[in-house]
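As annotated by Swiss-Prot, S-adenosyl-L-methionine binding site applies to Asp137, Asp166, Leu167, with the evidence given as similarity to another entry.
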Amino acid sequence: MTELDEVDSLRSDGDSWTVTESVGATALGVAAARAVETAGANPLIRDEFAPILVSSAGPAWARLADPDIGWLDDDPHGQRLHRLGCDYQAVRTHFFDEYFAAAAGAGIEQAVILAAGLDCRAYRLNWPPEAVVFEIDQPKVLEYKAQILESHGVTAAATRHGVAVDLREDWPAALLRAGFDRDRPTAWLAEGLLPYLPGDAQDRLFEMITDLSAPRSRIAVESFTMNLTGNKQRWNRMRDRLGLDINVEALTYREPGRADAAEWLANHGWQVYSVSNREEMARLGRPVPEDLVDEAITTTLLRASLEISR
């Protein structure tokens, strides 16, 4: 096999995927990190459904969700680096869980999760009685999650609507057909999404969200400054040890001149709050070790509110 830094882009216009391939496989990797965190002694988040979704994809995926990271027993540095990755996923999940709790507390009962993947917030969060959650993603990814959870007797904690559509297509029309009410304030989430969109598609996404948002709507976004050093090492280990080819570098768009998410939102009527992932990790007791700083991911976690009429 080639090294990850020698692989060209695997993306093409109109490409699609199942949960175990291409972008879909990244959802399994993130769910595995949530499973590791949930099994820990003092978890920041609890996602009891993540182990079910990951292990159902096969034994190699189940090993990736091993809370002891036993598949890296003879590689202490690799184990620490993978643990750091799981810590980051826990912190980002916690940030967005708190965002939804605050939105619900402010009376916002409509939520849209973009590129929902194996996100289980519709099932595991404490939603208001009238809450409606729309999950947008590729058809096969949504089908996998719904079928696995249903087979285990899991029901959603809110009214859940799966919206099977590619975010590069006319997803607003599909969302409206599914029952979305553009006159109600909405809590939007774009977590782990932006690098998988071309820059112009990211701009269109924000334009469409703004157009669909009633006053008092909110949005939360994870904005990446991709540090590939540590990530490449983690992906290589997953491939070599588990046979899992999660090559995020080849699946993302790294275009110069891409709009900064916080700046775009601020320039279009949103009031923005942002924090670096490293500040948030330190605040929650999961600081990046000094000797791993150069290998750690760098992102900005932001939330914003819309106070003006569209």
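Backbone N, Cα and C define each Cβ position, glycine as well.
The residues near the S-adenosyl-L-methionine site, meaning same-chain residues not in Asp137, Asp166, Leu167 whose C-beta sits within 8 angstroms of the mean position of the site's C-beta atoms, are Leu114, Ala115, Ile136, Gln138, Val165, Arg168, Glu169, Trp171, in sequence order. Cβ neighbour count within 10 Å across all protein chains ranks Asp137 highest among the binding-site residues Asp137, Asp166, Leu167. Between the farthest pair of Cα atoms in the S-adenosyl-L-methionine binding residues (Asp137, Asp166, Leu167), the distance is 7 Å.
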